[in-house]
Amino acid sequence: MAAETRRQLALLLGLLALLLVVAWWQFAGAGPAGAPAAARATRPVAQPGRTGGASAETPAQVLARGVGLDRLKTERPAPEAAGRDPFRSAAASGSAESGASRPVAPTPPPAPVNPGPPPPPPGPPPIVVKFIGIVSRRDVGKVAILSDGKNVYYGRAGEIVDGRWRIVSIGEESLQIEYVDGRGRQTVRLTG
């Protein structure tokens, strides 16, 4: 039992030492505070025009020189009274006139729009029957068998079906059907 406790204690101390090394590596060896990770690169930045080995500048110094941090230490000039108009993209000219005092030419009235003819009224709804078959006899002729999904209808060319549709013609693989008032002629293919 004592050997097992010693082994657990040694393992715990080893993990603690590893944790301390990782923490030291992350925080103490990170370089200057606030420097981004890209600035802490291990390779030096080569300067154009220099020959020889590694440069003496650190990446943080190169970035600081490129940003111009020294300009932040100088004082800013006071803004002029008419120096900048926030509603214009460029600074105002040296004249005392502002852009608002210039006369603006009125826009011409819009040309009248010709509305054209009104749109046609919507057409009738599509005929929702399926042509499921034909019965042919010499004495009766061709009889089309139709279905709307609920009921089965039949009729010959020229007959009115269900009081809503008229069969115009019956072919071998399709028929023409229209509403009783003559609107919405439609060809229905044989599906049955």
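First residue shown is number 1, and so on along the chain.
Backbone N, Cα and C atoms are what each Cβ position is placed from, and that goes for glycine too.
The region 'Disordered' feature in TrEMBL is assigned to 41-124.
The annotation compositional bias 'Basic and acidic residues' is assigned in TrEMBL to 68-87. The residues of the compositional bias 'Basic and acidic residues' (68-87), classed with DSSP into helix (H, G, I), strand (E, B) and coil, number 5 helix, 0 strand, 15 coil.
Residues or ranges marked as compositional bias 'Low complexity' in TrEMBL: 89-104.
Taken from TrEMBL, the feature compositional bias 'Pro residues' applies to 105-124. Long-range contacts of the compositional bias 'Pro residues' (105-124) within its own chain (CB-CB distance under 8 A, at least 6 residues past either end) are made by residues 179, 183-184.
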